[in-house]
Amino acid sequence: MKFWKSVVGKLWFTILSLVLIVLFILTVLLLEFIENYHVEEAENDLTQLANKVAVILENHEDQALARSITWELADNLTSIAIIQDEKNHWYSPNDKNRLSSITVEQIQHDKDLNKALKDHKKVSKRTGLSDTDTDNERLIVGVPYEKDGKKGMVFLSQSLLAVKDTTKHTTRYIFLAAGIAIVLTTFFAFFLSSRVTYPLRKMREGAQDLAKGKFDTKIPILTQDEIGELATAFNQMGRQLNFHINALNQEKEQLSNILSSMADGVITINIDGTILVTNPPAERFLQAWYYEQNMNIKEGDNLPPEAKELFQNAVSTEKEQMIEMTLQGRSWVLLMSPLYAESHVRGAVAVLRDMTEERRLDKLREDFIANVSHELRTPISMLQGYSEAIVDDIASSEEDRKEIAQIIYDESLRMGRLVNDLLDLARMESGHTGLHYEKINVNEFLEKIIRKFSGVAKEKNIALDHDISLTEEEFMFDEDKMEQVFTNLIDNALRHTSAGGSVSISVHSVKDGLKIDIKDSGSGIPEEDLPFIFERFYKADKARTRGRAGTGLGLAIVKNIVEAHNGSITVHSRIDKGTTFSFYIPTKR
């Protein structure tokens, strides 16, 4: 900052200017006063001397003696002229060599002096009268006198050189004093302005530090005046700012943590439609839309058209708006609420909820109800129909009655299995699966499973193979539950494998457990159905017959049993290539 633009420069210049103006006025007035004072003193002295001369001339009979006495009264700077008329006038000796000499001609040439001479009146005048030698400003005093009836005038002339010399010396001292005063004022003004502005500079530096976020900045308190109070208030302001900024940061961090931990997406939108704040779920939503629109994620700050229209409606109506939209195969519910700044809308906040799982569960629930209704209605209808046939004696022969009774028996068993499966699944999903761990010989266990299905495989012309590679023959698991797992998976593999196909069972020891693979060369499972294959009543083959369908609960039960053993199960499949179910059972510690 330039010196003249600084507070120091302005204060220094202001104080110095005021002092200079005051000194100038005082100097002018003082010089005028001193000069006038000296002139007035000289005039008074000269008037007294003129009166004394007039008295001497009036009181002495011997005028020549009186004049001699008068000449003695005059000093080197004073000249005396005694004039009775144009012919009778006398001058003090050596007047021609004096700067103050005066003649009748000079008096007659001056209007005021000539008038006083004619009227015999007192006169006092400051004037410059030219003679042959010099041009000098003088003080002339005229006093009338009268002797023996003869009137005359006594004129005293005195040069003002002495007065001017005195005034010059006085002026030098005054200017010297003024110069000293100016120098002292300069130093004093600079010192005062620097002392005043030092705390201000510190406050400026402190304000700059505050602007940079250094809220612990303190200003030194050097005085107890208004500037000291200002420094105290500044320090208090810094502490308050530090406190409030910390509180805001804590609230911001808390709000950020809340937003980040929310399962729902949150988007804060400015009044012009630009996005201000988002949380991770909302960012995933926007990224999915940017990807769908082939937009650069870094450059994208727009909303989907549906969300933008909802935002405009919320701002215009000042009411909450809600829509459901599908993006990248996922269902989203979008709730838009206006944000207010005092009395006007300043933007809106959008809450996004991923409803894909809910919609899937709704679909599964509907399918579950439909499947349960279907699975129960079919055997009940058959039981009712064949029972009516027996009651109405429609079966005429014993063979027909046995056939009807067998059908009723089979359907009742089927309905019982469905109910038992539902009860088992409900117990497993509620965490009440009771496992009875015991050491089982894996080879013997697997041989029993193979024998159980070998007849069915042979009947369907399907090759049933197995491969066992174990480090230990015995393993801890629930034999009944694990047999249920193998039964469900092998039964599914055989039912969905055509004649001439194959089903292989592989059991291998892995680190801390067993790895089992059940692979078939059947029809396979569509890729879009793989994520839901372990849901209750989910059927990948929607067109398969009841004979192949089973209850639709087998794989759900399998998954729950495996997970009850702290294991995991996966499935890999390709259409017309076959399916492989792989599950892992950890060693029981």
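Every residue, even glycine, has its Cβ placed from backbone N, Cα and C.
The feature domain 'HAMP' is assigned by Swiss-Prot to 194-246, with sequence analysis given as support.
Taken from Swiss-Prot, the feature domain 'PAS' covers 253-320.
As annotated by Swiss-Prot, domain 'Histidine kinase' applies to 371-589, with the evidence given as sequence analysis.
Annotated phosphohistidine per Swiss-Prot: His374, in sequence order.
Under the heading topological domain 'Cytoplasmic', Swiss-Prot lists 1-10 (among others), citing sequence analysis as support.
Per-residue pLDDT, averaged over the topological domain 'Extracellular' (32-172), rounds to 77. For 32-172, the entry in Swiss-Prot reads topological domain 'Extracellular'.
Among the features that Swiss-Prot reports, topological domain 'Cytoplasmic' is placed at 194-589 (among others).
As annotated by Swiss-Prot, transmembrane segment applies to 11-31 (among others), with the evidence given as sequence analysis.
Swiss-Prot lists 173-193 (among others) with the feature transmembrane segment, giving sequence analysis as the kind of evidence.
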Tertiary contacts of the transmembrane segment (173-193) (same chain, 6+ residues out, Cβ under 8 Å): 7-12, 15-16, 19-20, 23, 27, 30-31
Secondary structure composition of the domain 'HAMP' (194-246) [DSSP: H/G/I, E/B, coil]: 39 helix, 0 strand, 14 coil
Cβ contacts under 8 Å made by the transmembrane segment (11-31) with residues that lie 6+ beyond its boundaries: 4, 167, 170-171, 174-175, 178, 181-182, 185-186, 188-190, 192-193, 196-197
Summary of DSSP states over the topological domain 'Extracellular' (32-172), given as helix, strand and coil counts: 69 helix, 40 strand, 32 coil
